[in-house]
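Features reported for this protein in TrEMBL:
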- 1-197: domain 'TLC' (DOMAIN)
- 6-25: transmembrane segment (TRANSMEM)
- 45-63: transmembrane segment (TRANSMEM)
- 75-94: transmembrane segment (TRANSMEM)
- 129-149: transmembrane segment (TRANSMEM)
- 169-189: transmembrane segment (TRANSMEM)
- 203-241: region 'Disordered' (REGION)
- 209-219: compositional bias 'Acidic residues' (COMPBIAS)
Amino acid sequence: SSWRFTFYLIAFIAGMAVIVDKPWFYDLREVWKGYPIQSMLPSQYWYYMIELSFYWSLLFSIASDVKRKDFKEQIIHHVATIILISFSWFANYIRAGTLIMALHDSSDYLLESAKMFNYAGWRNTCNNIFIVFAAVFIITRLVILPFWIMHCTVVYPLDLYPAFFGYYFFNFMMVVLQSLHIFWAYLIIRMAQKFITGKVVEDERSDRDETDNSEEEEEAAKNGPLCNGHPVLNNNHRKTD
């Protein structure tokens, strides 16, 4: 959690530094101005390479992580993200790509910081950060992404050039990613409902056959709503021999 928090926070700050002074950050029509002949800045290059490397590392490490109900969804998410980053690079969708990556990083560092406070036993701090995380996640991935970013990638390009294979493929992968966001938002809302009503909160993704039901589960219930996992959390790790 510590190293992921460090990466996501630095990546979010770096992403904002890359795009905050660009005209397409304020006017999404500027994303396609001059396309496909658009220059690439060194900052955009490094931002892409670091993000792509990180998601490859997540894909390789997920096999050794605790398996949960959304294991397949996690695999789909990482593969879709890698394909989107790679394809947007080859198709010179770099301006749209930097916006999408920065948007995703805006909530992930909150998730990891909440998990760290949970492990440290700072339950109130953990719970407060969870509320902020849930709000940011829903606003960025269920509002800004579909109604601003996806509108930019689906509607605006057609005003400048006819649709081609890359246009359909990129937007299809964006729909896949958005479907996963809706799935995870549903889990987050269920967590929030239990949290607000004072019920014992455990990971909505946890599978009873894949987690230990003894003292580890009791300890996880004491620790609060945020534990290990993404995007909804639990301390229930499988015991090792």
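Every residue gets a Cβ built from N, Cα and C, even glycine.
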Residues of the parent chain within Cβ reach of the transmembrane segment (169-189), under 8 Å, 6 or more residues beyond its termini: 70, 73, 76-77, 80-81, 83-84, 87-88, 91, 93, 134, 137-138, 141-142, 145-146, 150, 153-154, 204-205, 231-232
Across the domain 'TLC' (1-197), average pLDDT on the 0 to 100 scale: 88
